[in-house]
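Asks: Got a structure here, written out as structure tokens. Questions coming.
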Amino acid sequence: MILASLWCRNFRSFPELSWAPPQGLVVLAGPNGAGKTNLLEAVAVLGNLTSFRPGSPTSWVRHGEAGFTLKGQLQEGETSLVLEQHARLGRTLHRTLLRGGRQVRPAEYLSLFPVATLSASDTELIFSGPEHRRRLLDRLAFQLKPQVLDLLLRYRRALRQRNAALAQHQLASLDAFDRELARLGAQLVELRVATLQLLAQALEEELSQLGWLGGKPVLRYHAPEGPAAHAGGGEQFLLLQLRRFRGQELARGHTLVGPHRHDVCITISGRPAREVLSAGQAKLLATSLRLASVAVTARKRKVAPLVIFDDVDAELDREALSRLLLRLPALSPQVVVSTAHPEVVLPSCPEAAVVPMRGGTLAVDERSRW
């Protein structure tokens, strides 16, 4: 679906803002501090309920306010749909989610308007911890099969319960928690491995489109407890490992075995990518991973997500940037990128719609002449 209009109140720096984003490639241009990232974040939170920026959701509320509202009108042909979020600030952020005026659960809401988010922080996929790569894989698995969200939530609940039992040395209940965690964990690993295969296949095409000149990146699912965790009989193997490590887990008070500790290893010529890539190469590989996820989603669901890319020109040379700006509209009918350097970006996309932004204000009807 296309985002036909966005309205927000008391989100980040915006007391109130309305925007009707064009279709195709949109360049959100303005100096640092203009509010570009805040606007892209509003789009991301509207669709995904989460941000591509670090920090607590409570930080989305404008300073001094009690909450925020986001509203988006989606359009597909003659069909339109309005999504709303009404957030109230307390010790945490309490949100009411509406679909066409009807309150819905997060699982239903999240299936309606997927937003693919790319930013300068995507190099965390290469250089940072396994949680970033697990999140990429789990998000893609959910886009392909929305029921994955329920599986993830049940696994996390079982993990919390088992950790509590370990911390309190409730030995009598551990066998039951072991069986539940092994059963759910094996299902999650199976889905991740299948999703990773699709991602790896699509990655090769995206790297080619962006002019990758390095060695071929290899993606491999890694379970510290051994490859049997993601082979046939994974449930029984995980159960055995949970019992094997129980003594250590009781001493530490948390679970040491399972998909919450797994990783996606990225290697080039047998070496970890983080050890051999420059910052620019890492940005290109991370961007290609994100685009591969978009391509898989579009191919399998027959619906391409809206794509947003904050600070699109960061750490990319001119050729890579030019290829990227050509590739993005081929993957999605609506792409919004931001830049503080339009003179660098616009020569590669002369047909793009340019939306200037300064001081938190959009000049929606003005074609910029940079």
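Here the Cβ of each residue, glycine as well, is placed from N, Cα and C on the backbone.
Below, the features straight out of TrEMBL:
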{"type": "BINDING", "residues": "GLY30, PRO31, ASN32, GLY33, ALA34, GLY35, LYS36, THR37", "note": "ATP binding site"}
{"type": "DOMAIN", "residues": "3-345", "note": "domain 'RecF/RecN/SMC N-terminal'"}
Asks: Which residues, in sequence order, are found in the same chain with Cβ within 8 Å of the centroid defined by the Cβ atoms of GLY30, PRO31, ASN32, GLY33, ALA34, GLY35, LYS36, THR37 at the ATP site, excluding those residues themselves?
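Replies: Surrounding the site, in chain order, are SER338, ALA340, MET357, ARG358.
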Asks: Around LYS36 (ATP binding site), which residues of its chain at least 6 apart sit with Cβ under 8 Å of its Cβ?
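Replies: The answer is LEU28, ALA29, GLY30, ASP310, SER338, ALA340, MET357.
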Asks: For the domain 'RecF/RecN/SMC N-terminal' (3-345), provide the mean pLDDT of the predicted model.
Replies: 94
Asks: Could you find out if DSSP has GLY35 (ATP binding site) as helix, strand or coil?
Replies: coil
Asks: Applying a 10 Å Cβ distance cut-off over all chains shown, what neighbour count does GLY30 (ATP binding site) have?
Replies: 23
Asks: Including all protein chains displayed, how many Cβ atoms other than that of ASN32 (ATP binding site) lie within 10 Å of its Cβ?
Replies: 8
Asks: Highest Cβ count within 10 Å among the binding-site residues PRO31, GLY33, GLY35: which residue is it?
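Replies: The largest 10 Å Cβ neighbour count belongs to GLY35.
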Asks: By a simple count, how many Cβ atoms lie within 10 Å of the Cβ of THR37 (ATP binding site), its own Cβ left out?
Replies: 22
Asks: Only counting partners 6 or more residues apart, tell me which same-chain residues put their Cβ under 8 Å from the Cβ of ALA34 (ATP binding site).
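Replies: ALA340, MET357, ARG358, GLY359, GLY360 - these are the non-local Cβ neighbours of ALA34 (ATP binding site), listed in sequence order.
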